[in-house]
Amino acid sequence: MNDRAAAFADSRQQHNRQDSAGMQEYVLQARGITKAFVQGGFNVQVLNNTELTVRRGEKLAVVGASGSGKSTLLHVLGGLDEPSAGEVSLLGKPFTQLAERERNELRNRALGFVYQFHHLLPEFTALDNVAMPLRIRRMTTEDAREQAQAMLERVGLGPRAKHRPGELSGGERQRVAIARALVTKPACVLADEPTGNLDGTTADTVFNLMLELSETLETSFVIVTHDPDLAARCDRIMRLRDGVLHEEPALPV
């Protein structure tokens, strides 16, 4: 009886360890997310009790019609907008329930953002744009620039570090934006149409870079895109329709 009890206890401990490991694999989780706005006196529901999970190193594409709420979803996932109901967890912490200061600290530590338009500071060099998130963390200028230079090398722009955004091509500016998003080594990057403002060849190059960095840095990506070919190259595709995310079947690349 004692042997059986010991075996049972050992089995339960192993099961609990597996559950704990499984929880740690999820860098981002959303449960029951609802978001509504009041427009013209009418209540407009954009997200309706939707769910999402993102594993470490996973590349998730979010597709859907224009105006379906994809950008709103990213804002809620990133803690930039409050959901009307539901909860977002980031690295196992209840992101949406944290005080503003704690939420900002966790966002700066664990999330990166890339947008359709690069939003680089025009008066700063590529190097100082990439170093900015590290300076916000109160890292010394020397250390921040050293890490920023290393990340610019990773995206193939080491020789362009001293150039300002106006001296770079569209694809180069977007690569600087990706370097800025990744320089803090975030667990997850939220990307809103990151190639939407680029021509086809440049978009493909930038997307390849994102996929490569996701693999080498074990960084998760949630990528909103209208391009079905790019979406098909992600690990999973979810379609936002009527405020709810639906898993799409895997497509051949």
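Note: Cβ is positioned from N, Cα and C throughout, glycine not excepted.
Given the structure is predicted, the values throughout are model-derived calculations rather than measurements.
Under the heading region 'Disordered', Swiss-Prot lists 1-20.
For 28-253, the entry in Swiss-Prot reads domain 'ABC transporter'.
Here Swiss-Prot flags Gly64, Ala65, Ser66, Gly67, Ser68, Gly69, Lys70, Ser71 as ATP binding site, drawing on sequence analysis. Around the Cβ of Ser71 (ATP binding site), 17 further Cβ atoms fall within 10 Å across all displayed protein chains.
Fewest Cβ neighbours within 10 Å among the binding-site residues Ser66, Ser68: this applies to Ser66. Computed over the domain 'ABC transporter' (28-253), the whole-number mean pLDDT of the model equals 88. The sparsest Cβ neighbourhood within 10 Å, among the listed binding-site residues (Gly64, Gly69), is found at Gly64.
Around the Cβ of Ala65 (ATP binding site), a 10 Å sphere holds 11 further Cβ atoms from the protein chains shown.
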